[in-house]
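K.L.:
Take a look at this one; I'll ask things after.
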């Protein structure tokens, strides 16, 4: 039986930096409040004319370069995003064209911040069902800045733009993905959403902005993290001490550090990248993996976790392979 794993990662952050002074001015609060409330110091903003597919293609090229592959070597592109280029076609189709990956089957998954883990599950199962199939690209990307209300305290200070990508390919037996857990609770779909733009409200003034029930998310995130953490370690006969690294999606640094402290996870086992990037949704886990490349030693036990709009969630346990490479861009 072939095992599959992440053999390379890559990331892309737009050039424009948005500091807390700019965000705070629009919110009518001191800049210090933004940092104290979130732990975020700055976030990135896509350039005018830059869409999700552009960011995703940059990250994908970095991952392919780190894997020593070309777009022609890829057979599948799975892309997670809440902020697609347009309602149709899929943003993955746009990325396929930008890369020149003519042989790759492109598809989008819509699981918000959990989108990368949903995509990882799709890619693993696709490859497992097709022995000898070419490697897959799994991408997470967001251009949240296009959908933010600058006067909304629940969202304007938190979200940024960015993309992360990974190459999924065969790895030595016993390495790579050991399990992936996914779940959802559609009764909580209204806790985070962009109300307009779909078939329910195609055009509605002022409703093409992200709306988030911050209190509901603050409650749901630690509950789901706790459940996924407990279920995953129990499934594999592990304890928290056996985990070498926890790589969660990045709601904000303050929330992550508070959660880790409450869960008994040492901070040196936690990957946090939100200080300089904010919450980049589906792009946050592959970006965090890229930034943590020097901490991902061969054989390390790594847990990925995410909670996103929908409400969706996921967790993946990996035995880090010997062959993974990644570097930030």
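Backbone N, Cα and C atoms are what each Cβ position is placed from, and that goes for glycine too.
Keep in mind that this is a model prediction, so the values were computed, not measured.
For 107-186, the entry in TrEMBL reads domain 'Beta-ketoacyl-[acyl-carrier-protein] synthase III N-terminal'. Under the heading domain 'Beta-ketoacyl-[acyl-carrier-protein] synthase III C-terminal', TrEMBL lists 234-320.
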K.L.:
In the domain 'Beta-ketoacyl-[acyl-carrier-protein] synthase III N-terminal' (107-186), how many residues does DSSP assign to helix, to strand and to coil?
P.N.:
22 helix, 32 strand, 26 coil
K.L.:
Report the DSSP secondary-structure composition of the domain 'Beta-ketoacyl-[acyl-carrier-protein] synthase III C-terminal' (234-320) as helix, strand and coil residue counts.
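P.N.:
Computed counts for the domain 'Beta-ketoacyl-[acyl-carrier-protein] synthase III C-terminal' (234-320) are 37 helix, 22 strand, 28 coil.
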